[in-house]
Amino acid sequence: MENRAREQSRKQKEKKREERSLSPAALRGRKIRLERRKEKIRRFLKGLIIFLAAVAVMALIFIFGFRLKNVNVSGNSRYTQEQILDLIQYDEQYHNTIIFYLRNRNINVESMPFIDALYMEIGGAGTINVEVVEKVVIGCIEDNGSYIYIDTGGVVCDISENPPEDIPLITGLEYEAPALNQVLTVTDNGVYDMLLNITLLLQKYSLTADSIDFSTDGTLSLQIGQIQVMLGTGSNMEDKMAEVNNLWSNLEGRQGVLHLENYDSSQTSVIFTER
C-alpha cells in the first residue's frame, strides 16, 4: 500500500512538472481535448440512456399493448371451436398476441383428419383470427366394422370406428385395401367424379342423402330419408337432382321409390311408387 501511494504521488508530481513546462497555448489545447472527450462521454451516456428508455417503453408496449384477448375461429363445421383452440394450443393464460402467432402460425393439422389447412393472422393488438379450411368429404364406406372417409380426390382422409352423421354411406363399390392419406383404388376411376358431382348437387339443393348406392349393372341410387331415388347411369344428373328438389316438398315424410333413371328436363311427369 505504501509503495502504491508513493508511486501515485510521484506520478502526480511529474504531471505537475510537465504542466508547468507547457506553454499556455499547449495547456489550452490540452483542456480543449479533455472537454471534447468529456462531451463525447456525456453524449454517449445520454444516447445510452435514451436507447435503454426506448427499449423499456417498447418492452412495456409489447407486454401490455399486445395482450391476447380474443381468438376468432371461422370456417369450422365438423370441429367445435374448443377443438380448434386445443389444436392451436390456446391457453387463456398465454397473454402475448405476437408470440402466440409466431409460435402457432404453422401448426400441424394432421391430428384433425377433416382439416385441409389452417390459416392464422393477427387481427389487432389483442386479436388472432383463425380460418379453418375443411376437406370436402364425399362419402364413407363401411369396411369390416370400420368406416373409410374419402374426400373429393378419392383420398382416404380417415379410417374410424365412428359411423357417419351427415356423410352419405357409399355401398356397392369394389375397391382395394384402404390406406390412410392414399387414394382408394376402385375398379372404375370415374366413380369419384360422379360422387363429387352428386355431393355438389346435394349441397346446392340442401338435400342430405343417407346413402349412395352403386349397383352391379352400373346404375346409381340415393337414399334420402324414406325415399329411394333411382338415378340410372348418372347421365343428366343436374336435371334429375333439380327434379328431386322440385318434388321434395311433396315427398318428404313419405316412403317409396322415385324413378328418374331416364329423366331429362323435357319430361313433364315422373313415376313415384309408394311403399
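Note: Cβ is positioned from N, Cα and C throughout, glycine not excepted.
As annotated by TrEMBL, region 'Disordered' applies to 1-24.
According to TrEMBL, the compositional bias 'Basic and acidic residues' annotation covers 1-21.
Per TrEMBL, the feature transmembrane segment maps to 44-66.
Residues belonging to the domain 'POTRA' (66-134) score a mean pLDDT of 89 in the model. Residues or ranges marked as domain 'POTRA' in TrEMBL: 66-134.
Marked as domain 'Cell division protein FtsQ/DivIB C-terminal' by TrEMBL: 143-251.
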Residues of the domain 'Cell division protein FtsQ/DivIB C-terminal' (143-251) by DSSP state, where helix covers H, G and I: 30 helix, 34 strand, 45 coil
